[in-house]
C-alpha cells in the first residue's frame with residue numbers, strides 16, 4: 001500500500017510496531033508533501049515517533065465521546081418512541097373513554113407511571129415519558145434527597161395502613177356492640193350494621209389492593225385479579241353510599257312522618273331495602289366489567305397487549321351511569337331528606353317548648369289555694385293537685401325524651417352525611433371535570449389523595465358514632481372492657497366459664513381463685529367489676 005508519492009510502502013515490521021493498543025491506529029511518518037516543519041520530528045529508537053502517541057490518545061478519547069453520544073442519542077430516541085406510544089394511547093383513551101372513579105388503578109395505568117420505591121436500579125421513566133434516569137444517575141443523586149424520599153414513602157405507607165386497620169377494627173366494633181346491647185337493636189341500626197359490613201369490605205377488598213399499588217408502584221397480580229379488584233371497589237363503595245341513603249330515608253319517616261313510620265318501616269320493608277342495596281351495585285360493577293361493556297375497543301386491545309398492567313378505562317355512557325348511581329342521585333336524596341328532617345325537628349322543638357310553657361302557666365295558679373288552705377281539707381287539695389301533676393308530667397317528659405333522642409340520632413346521622421359529602425365530593429368533582437374537560441390533566445398524586453380521602457369515609461363512621469351518640473359510646477366502652485377482661489382472664493386466670501350458669505354458681509366456683517375479700521367487698525368499684533363478671 002502506497003502512503004505517499006514521496007514515500008514508499010511502509011515496511012511490515014514498522015507497520016506492526018506503530019500501532020497503539022487502544023484504538024489500533026497505524027502510525028507512519030509525516031508525508032513530506034505536507035507542511036515543511038513537520039518533517040523535522042525526532043524519531044526514538046525502535047522506530048516509534050513520540051508526538052503521534054498523544055495524537056492517538058486524543059483520537060481514542062474522541063472515539064469514546066462519540067460512542068457515548070451515539071448511545072445516548074439511541075436511548076433518547078427509544079424514550080421518545082415510548083413517549084409517543086403512550087401519548088397516542090392516552091389520546092385514544094381520552095377521546096373514547098375516561099377513568100372510572102371508584103375502581104380505577106391510576107398509579108399503575110401504564111408502565112411509564114410505575115415508579116420504583118427507594119430509587120431502585122434500572123430504567124425509571126417519569127410521568128410524561130420524556131425523562132430518563134439510569135443507575136449512573138442514581139449514583140449521582142443527593143443522599144439527602146434519597147433520605148427524604150424514603151421518609152415520605154414510609155409516612156405514606158403508614159398513613160394508608162392506619163386507615164385500613166382503623167376501618168376494619170372500628171366497623172367490627174360497631175357490629176359487635178349492636179349484637180351485644182339490646183337497646184341498640186332498633187330498625188335504624190340494622191342499616192348501621194349493614195353499613196359497617198360494607199365499610200369493612202371496602203377496607204379489605206379495595207384499600208388493600210390500592211395500598212399494594214401505591215407502595216410498590218406497579219400491579220403485582222394477574223389480569224383477572226385486576227378486573228376483580230376494580231369490580232369489588234365499585235361494588236362495595238357504591239353499597240356503602242346506598243346504605244347512607246337508606247339511613248336518611250329511615251330517619252325521614254321517623255321524624256317527619258312519625259305516624260306512618262311503624263307502617264312504612266317494617267322488618268319486611270327494611271329487608272327489601274337492604275337486599276336492593278346489596279344487589280344493585282353488582283349490576284353496576286361485576287356484570288359490565290367482566291363482560292366488557294364498560295370500556296372502549298382501544299382499551300381492550302391495550303389489555304391484550306399488556307397483560308401485566310392494571311389499567312381501567314371506561315366509555316362515557318358507563319361513566320355517566322356509574323357516577324349517577326354511585327354518588328349524584330344518593331347525594332341528592334340525602335340532601336333533601338335531611339333538610340326536611342332539620343326543618344321538622346326545629347318545628348317540633350318549638351311546639352314542645354310552647355306546650356311546656358303553657359303547662360307551667362296552667363299549674364301555677366292552681367297551686368296557690370293549696371298553699372293557703374293547709375288545714376282541714378287543704379291537705380286533700382294538695383294531694384289531688386300532686387296526683388294530677390304526676391299523671392300529666394311523666395307522659396310529657398316521656399314524649400320529650402323520645403323526641404330529643406330522635407333529634408340526637410338525626411343530628412348524628414346528619415354529621416355522617418356531611419362527612420360523606422366532604423369525603424366523596426372532591427373525588428366526584430374531579431371525575432366530572434375529567435368527563436367534560438378532556439384536556440384537563442391532574443397529577444397522579446392528586447388522584448391518589450382523592451381516592452384515599454373517599455376511602456377515609458369508611459373509617460370516620462364509627463368515630464362519629466362514638467363521639468356523638470351516648471348509647472354507642474357506652475356500648476363501645478363496655479365491649480372493649482369485656483374484650484380486655486376476657487383477654488386478661490385467659491392470660492392470667494384460665495377458667496372454664498359457662499356463660500349459661502347463674503352468677504351464684506359462678507361465684508361459688510370462683511371462691512377457690514378469688515379471695516374472700518374480693519367476693520365480699522362492698523366498695524362500688526368492686527361491685528361494678530363483680531357485676532361485669534356476672535354479666536359474662
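Glycine is treated like the rest: Cβ placed from N, Cα and C.
Restricting the average to the topological domain 'Extracellular' (1-157) gives a pLDDT of 48. Summarising the annotation, Swiss-Prot assigns topological domain 'Extracellular' to 1-157 (among others).
Sequence annotations record features per position, and here Swiss-Prot assigns region 'Disordered' to 1-26.
Feature annotation from Swiss-Prot assigns compositional bias 'Basic residues' to 14-26.
Residues annotated as N-linked glycosylation site in Swiss-Prot: 18 (among others).
Sequence annotations record features per position, and here Swiss-Prot assigns N-linked glycosylation site to 92 (among others) based on sequence analysis.
Sequence annotations record features per position, and here Swiss-Prot assigns N-linked glycosylation site to 113 (among others).
Residues or ranges marked as N-linked glycosylation site in Swiss-Prot (evidence: sequence analysis): 126 (among others).
Through the fold, the transmembrane segment (158-178) approaches residues 184-185, 189, 192-193, 196-197, 199-200, 202-204, 207-208, 210-211, 214-215, 452, 455-456, 458-459, 461-463, 465, 472, 475-476, 478-480 of its own chain, all at least 6 residues removed from its boundaries and within a Cβ separation under 8 Å. Look at Swiss-Prot and you will find 158-178 (among others) tagged as transmembrane segment, backed by sequence analysis.
Annotation source Swiss-Prot lists topological domain 'Cytoplasmic' at 179-190 (among others), citing sequence analysis. Sequence-distant neighbours of the topological domain 'Cytoplasmic' (179-190) (same chain, 6+ residues past either end, Cβ-Cβ under 8 Å): 247, 250-251, 254, 265, 267, 270, 274, 409, 471-472, 475, 478-479, 482.
Under the heading transmembrane segment, Swiss-Prot lists 191-211 (among others). Same-chain neighbours of the transmembrane segment (191-211): 105, 157, 160-161, 163-164, 167-168, 171-172, 174-175, 178, 221, 225, 229, 232-233, 236-237, 239-240, 243-244, 246-247, 250, 270, 273-274, 277-278, 451-452, 455, 458-459, 461-462, 465, counting only residues six or more beyond its ends whose CB sits under 8 Å from a CB of the stretch.
The topological domain 'Extracellular' annotation in Swiss-Prot covers 212-233 (among others).
Within the same chain, residues 100, 102-103, 187-188, 191-192, 194-195, 198-199, 201-202, 205-206, 264-265, 270, 273-274, 277-278, 280-282, 284-286, 289, 322, 325-327, 330, 333-334, 337-338, 340-341, 344-345, 348, 406-407, 409-410, 413, 416-417, 420, 424, 454, 457-458 sit at least 6 positions outside the transmembrane segment (234-256) and bring their C-beta atoms closer than 8 Å to a C-beta of that stretch. The transmembrane segment annotation in Swiss-Prot covers 234-256 (among others).
The topological domain 'Cytoplasmic' annotation in Swiss-Prot covers 257-270 (among others).
Panel annotation: around the transmembrane segment (271-291), residues 103, 190-191, 194, 227, 230-236, 238-239, 242-243, 246, 249, 318, 321-322, 325-326 of the same chain, lying at least six beyond its termini, place a Cβ under 8 Å from a Cβ of the stretch. What Swiss-Prot records for 271-291 (among others) is transmembrane segment, and it gives sequence analysis as the kind of evidence.
What Swiss-Prot records for 292-320 (among others) is topological domain 'Extracellular', and it gives sequence analysis as the kind of evidence.
Taken from Swiss-Prot, the feature transmembrane segment covers 321-341 (among others), and the record attributes it to sequence analysis. When Cβ-Cβ distances below 8 Å are used as the criterion, the transmembrane segment (321-341) is approached by residues 100-102, 234, 237-238, 241-242, 244-245, 248-249, 251-252, 255-256, 280, 284, 314, 410, 413-414, 417, 420-421, 424-425, 428, 431-432, 435 of the same chain, each at least six residues removed from its ends.
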Contacting positions for the topological domain 'Cytoplasmic' (257-270) when only residues 6+ beyond its ends and CB under 8 Å are counted:
187, 190-191, 250
